[in-house]
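Everything below concerns the one structure shown next.
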């Protein structure tokens, strides 16, 4: 008797503990996304009101000092992008390391699809932007990376607003894709957008980073030691000319994920402890404040809005975020699924993947950061890029809403199925099923 091997499935459910962890993360990010949306709206209203001068005066107000010749006299807007976003990337780094060491990304068969989707979602938008601006000059081409990012908090806020009951597997895919996307984004920032590179400061940063690594590997949790080391690392990376948010990722990668016995099944390590402490600070404070100072752009009414959208920078960003993200993510997912002879998990359709791919076109936080790095905070191209990012994110959200709402009744059935515990063991029955 010949037994056929069970077909590989894309978007399979996680284990139940992983399902609970992902659900908790998404809940916090959804709240953060709502605050992010509120901060963005407040910034746009203030920046286009009769009192707009006070907004820009606040954003550009300098605070800090310059000890030992260090350049720490920064504007509030710069503190938000260089300092607060380092917390955001610290959380992204913790999540990425956990996924690769103790999560789904440690298994090639589960990792290949979200990684390929993230790469496709970065490469295709970058290509589209570059093709549109091929003859526009080097300055404009420098913005090629702006449409490569996905804002998970904003995307989850959209899901909350439209009240979709998206299956856990799809939400997990979106989160994992965004985590990989963040790694690619920070790599792009570090490699392609340094400013007056000073290698000696990078070398000096290795000292506090090494001490921080030693301390966390010893499972030391004392903030009297860890926080000063983290701040010194941040300062030295900032002085090096590499964007200071890179320090957040480097510090995160130093933190151990699993316990000393290195068995992922024995529970979380120090990384999850830090994540629990800092995720609310990142999602609820750091990112909304950054959005408040970064999203405020004086549009200049309808005439100013249409003028912004005639800039090839804006055209490239809008096309790349709306079309490029959808084509790149959907295309890569479809290609990997078909070439590995896998199939979508039961109850899912390719229209679900398309909806998620379009939703990933919401590229807000990191896109705004890269725009400032590419063009400079005071450049007209940066203002046009902000308008384009906001416009493209809104259009992507509306298109995704249409597609996902069509499937919402079906999602309700899947969500109900994921809550049935007929055997009363405390674990919904669908999570008891094994998928080899």
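Cβ atoms here come from the backbone N, Cα and C positions, even for glycine.
Keep in mind that this is a model prediction, so the values were computed, not measured.
Per Swiss-Prot, the features are:
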- 31-51: transmembrane segment (TRANSMEM)
- 74-94: transmembrane segment (TRANSMEM)
- 112-132: transmembrane segment (TRANSMEM)
- 143-163: transmembrane segment (TRANSMEM)
- 173-193: transmembrane segment (TRANSMEM)
- 196-216: transmembrane segment (TRANSMEM)
- 222-242: transmembrane segment (TRANSMEM)
- 285-305: transmembrane segment (TRANSMEM)
- 315-335: transmembrane segment (TRANSMEM)
- 350-370: transmembrane segment (TRANSMEM)
- 384-404: transmembrane segment (TRANSMEM)
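Most Cβ pairs under 8 A with the transmembrane segment (315-335) among the ranges 74-94, 112-132, 173-193, 285-305 are made by 112-132. Here the transmembrane segment (31-51) touches the transmembrane segment (143-163). Their Cβ atoms form 3 or more pairs under 8 Å, with each pair 6 or more residues apart. Two recorded stretches are said to be in contact when at least 3 C-beta pairs lie under 8 angstroms, sequence spacing 6 or more; the transmembrane segment (74-94) and the transmembrane segment (173-193) meet this definition. With respect to Cβ pairs under 8 Å, the transmembrane segment (173-193) is most closely packed against 143-163, considering the stretches 112-132, 143-163, 285-305, 350-370, 384-404. Tertiary proximity for the transmembrane segment (350-370) is limited to same-chain residues at least six positions away from its ends with a CB under 8 Å from its CB atoms, namely 11, 36, 40, 81, 85, 88, 117, 121, 143, 145-151, 153-155, 158-159, 167, 170, 173-174, 177-178, 181-182, 185, 188-189, 193, 245, 287, 290-291, 294-295, 317, 321-322, 324-330, 333-334, 344, 385-386, 389-390, 392-393, 395-397, 399-400, 403-404, 406-407. The stretches the transmembrane segment (285-305) and the transmembrane segment (222-242) do not meet in space: the count of Cβ pairs below 8 angstroms, excluding pairs fewer than 6 apart in sequence, stays at fewer than three. Highlighted: of the candidate stretches 196-216, 222-242, 384-404, 384-404 has the greatest count of Cβ pairs under 8 Å to the transmembrane segment (143-163). Through the fold, the transmembrane segment (196-216) approaches residues 225-226, 229-230, 232-233, 236-237, 239-242, 247, 250-251, 254-256, 270 of its own chain, all at least 6 residues removed from its boundaries and within a Cβ separation under 8 Å.
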